[in-house]
Amino acid sequence: MSEQQTASLGEFTFECGESIPDLELAYETYGEFTGDNAVLVCHALTGSAHVAGGRRRSDTSGQAHAWWDDIVGPGKAVDTTDYYVICANIPGSCYGSSGPPSTNPETGEPWGTTFPAVTVGDWTRAQRRLLDHLGVPHLHAVVGGSVGGMNVLDWAKRHPDHVNRVAVVAAAARLDPQCLALDAIARRAITTDPNWNGGDYYGEDPPVEGLALARQIGHVMYLSKSSMQDKFGRRSSGIDAGRDSFEMDPAAGFFPYREVESYLDYQGEKFARRFDANSYLYLTRAMDNYDLASGYESDRDALAAFDGEALLISFTGDWHFTVEQSEAVADAFRESGTDTAHHVVDSDHGHDAFLVEPDRVGPPLDDFLVDGVAGKAVSDTTPDDDDGDEFAPVHTSLFSD
């Protein structure tokens, strides 16, 4: 199992104009570097550098379980016997990299909300600096899902000559207003928790109730209506089941505590034990702010300098980052002259599909890394298909021919 390491990368100026004296990035590497086989994996919103290798020791910073262990590893889609894989915890997070809960060396106290505002562009710049530290001048590929996919797009835009292939999974060029609104409500849940205290809660009781509510909102975004119906329906966990989880008004005792409520309460409470509330504020704002076309006339212009190959993977049940949004990014790549494929997976799992359906994500990703858009398991959208379907069929099994 790869061990988490920390790189001290010196003074770093964020896009907001503020600086910190020493940017620290927690990272893990897998496989051996041969000079042309480096693959950077960009994690999603609340992920960590621990992308592969099973379960960590309980005393190790970050998520206990590797978050993409079914995709990254020996003999898997991102095969660590062939590739040198790097995954770094992004600035602003709380899994070992510089962020609100880390220590300000000038005060000896946590930064809290005095930590500079972070952007997706800052993540890319920090990753580039880490790669320089590791002696990796060029990448075979950058791969990422969700906001990690936005991070991938930023690589194609910001460092087009530094990477051969980009794989953008369940992402978009920017968030739509509905997702912006839900993220704003989630942040409000945190900042209205009395324990948030303007972000100065370290050493005191943290705003766990607000953070748990924020995560519950996120989980609703990650599931599809179909998956929620299949998973929960309207089933009850029992009238009294919720009393131990939160305070209830007397009239609530007449009504059932439903399984969907129980699920959200469990997920919220679990998340609040492992993540930092200020980091959640910082990272959701970075995601909300990202716009591929920023500084350019269009998405196509933003990608014009990229001369590699691009793969988009999207999921029909994902309303957080829709198939149509991925198709728009694919079109921008195509219009800029990039060899591009958009592989659509028919799935009811919502946004979570990129994490929970490795048998659908693995084959196209594997073949793309090896053969580019000509890969055997890589399908592409064909709006002019004779059957009238908007999108082409996709492979449905890891073992399909």
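Glycine residues also receive a Cβ, built from the backbone N, Cα and C atoms like all the rest.
Cβ-based neighbour count (10 Å, all protein chains) for Ser146 (active site, nucleophile) stands at 26. According to its DSSP assignment, Ser146 (active site, nucleophile) is coil. Summarising the annotation, Swiss-Prot assigns active site, nucleophile to Ser146 and lists sequence analysis as the type of evidence.
Every protein chain shown contributes to the tally, and the Cβ of Asp318 (active site) ends up with 27 other Cβ atoms within 10 Å. Among the features that Swiss-Prot reports, active site is placed at Asp318 (among others).
Non-local contacts of His351 (active site) by the CB criterion (under 8 A, 6+ apart in sequence, same chain) comprise Ser146, Ala170, Met221, Tyr222, Leu223, Phe315, Asp318, Trp319, His320, Phe321. In the three-state DSSP classification, His351 (active site) falls within a helix. Taken from Swiss-Prot, the feature active site covers His351 (among others), and the record attributes it to sequence analysis.
Here Swiss-Prot flags Arg215, Asp352 as substrate binding site. Taken residue by residue with DSSP, Arg215 (substrate binding site) is part of a helix. The 10 Å shell around the Cβ of Arg215 (substrate binding site) contains 23 further Cβ atoms across the protein chains shown.
The average pLDDT computed for the domain 'AB hydrolase-1' (37-358) is 94. Annotation source Swiss-Prot lists domain 'AB hydrolase-1' at 37-358, citing sequence analysis.
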Same chain, |i - j| six or more, Cβ under 8 Å of Asp352 (substrate binding site); the result in sequence order is Tyr222, Leu223, Ser227
